[in-house]
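Data first, discussion second: the structure below is written as structure tokens.
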Amino acid sequence: MAIQEIRHPLIRHKLGLLRRADISTKNFRELAQEVTMLLTYEATKDLPVVDCEIEGWAGNVTTQRIAGKKITIVPILRAGIGMLDGVLNLIPSAKVSVLGLERDEATLEVRTYYKKLVPDVANRIAMIIDPMLATGNSLVAAIDVLKASGCKDIRVMVLVAAPEGIAKVETAHPDIQLYTASIDNGLNEHGYIVPGLGDAGDKIFGSVQKD
């Protein structure tokens, strides 16, 4: 599995702000989108381009445009929605597919409770977005769904990742590409990434309980 921890100074600075315990919902949302934009830049560096001729202000100009497969962005509900605009800011024509996953309390297995994929998903590059890669169970399930739908080129962008989750995904799906702003220390006894970001979904949607 191709794993890239993007150590750009801007990402490191913004990630430090995201980790603050006293961060506001507004600032968390904005920073999450900004880091996502920077990850998107890296995750799309290998997209093919072709030459095309356009009419410029001083005559015809040879420029380039992206060619090849089109992209579908796949946010995992609910926290993945907080990264969506960060990708769309750079790829505004991308189609959006949505996956909702939850753990079945009886079997402890991850199940899909919502799936809305674009009709031609099999012919697109699928870019999964989710702020946290913790245990890896949800991400493995999401990739399972996309592969069952015919996807061949699957890329994942997460803000922070735990080594345990990376290992699980790599075992199940060694052919995907993973981009993250940070590979953190690991999981605590409650399954949270340390140092992590806390509950990214709660922080994005403003549902953090105050003492």
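Cβ atoms are placed via backbone N, Cα and C, with glycine included.
Keep in mind that this is a model prediction, so the values were computed, not measured.
Taken straight from Swiss-Prot:
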- Arg78, Arg103, Asp130, Pro131, Met132, Leu133, Ala134, Thr135, Gly136, Asn137, Ser138, Asp199: 5-phospho-alpha-D-ribose 1-diphosphate binding site (BINDING)
- Ile193, Gly198, Asp199, Ala200: uracil binding site (BINDING)
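Shown here: features listed in Swiss-Prot, placed on the structure.
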{"residue": "Arg78", "record": "5-phospho-alpha-D-ribose 1-diphosphate binding site", "Cβ neighbours (10 Å)": "15"}
{"residue": "Asp130", "record": "5-phospho-alpha-D-ribose 1-diphosphate binding site", "Cβ neighbours (10 Å)": "28"}
{"residue": "Met132", "record": "5-phospho-alpha-D-ribose 1-diphosphate binding site", "Cβ neighbours (10 Å)": "26"}
{"residue": "Ala134", "record": "5-phospho-alpha-D-ribose 1-diphosphate binding site", "Cβ neighbours (10 Å)": "23"}
{"residue": "Gly136", "record": "5-phospho-alpha-D-ribose 1-diphosphate binding site", "Cβ neighbours (10 Å)": "22"}
{"residue": "Ser138", "record": "5-phospho-alpha-D-ribose 1-diphosphate binding site", "Cβ neighbours (10 Å)": "21"}
{"residue": "Ile193", "record": "uracil binding site", "Cβ neighbours (10 Å)": "28"}
{"residue": "Gly198", "record": "uracil binding site", "Cβ neighbours (10 Å)": "18"}
{"residue": "Asp199", "record": "uracil binding site", "Cβ neighbours (10 Å)": "16"}
{"residue": "Ala200", "record": "uracil binding site", "Cβ neighbours (10 Å)": "24"}
Cα within 10 Å of Ile193 (uracil binding site) - qualifying binding-site residues among Arg78, Asp130, Met132, Ala134, Gly136, Ser138: Met132, Ala134
Per DSSP, three-state class assigned to Arg78 (5-phospho-alpha-D-ribose 1-diphosphate binding site): coil
For Asp130 (5-phospho-alpha-D-ribose 1-diphosphate binding site), the one of Gly198, Asp199, Ala200 that lies nearest, given that the binding-site residues are compared by Cα: Ala200
Reduced DSSP assignment, Ser138 (5-phospho-alpha-D-ribose 1-diphosphate binding site): helix
Maximum Cα-Cα separation (Å), residues Arg78, Arg103, Asp130, Pro131, Met132, Leu133, Ala134, Thr135, Gly136, Asn137, Ser138, Asp199 listed as binding 5-phospho-alpha-D-ribose 1-diphosphate: 18
DSSP three-state assignment (helix, strand or coil) for Met132 (5-phospho-alpha-D-ribose 1-diphosphate binding site): strand
Additional residues surrounding uracil, by Cβ distance to the Ile193, Gly198, Asp199, Ala200 centre under 8 Å: Pro131, Met132, Tyr192, Gly196, Leu197, Gly201, Asp202, Lys203
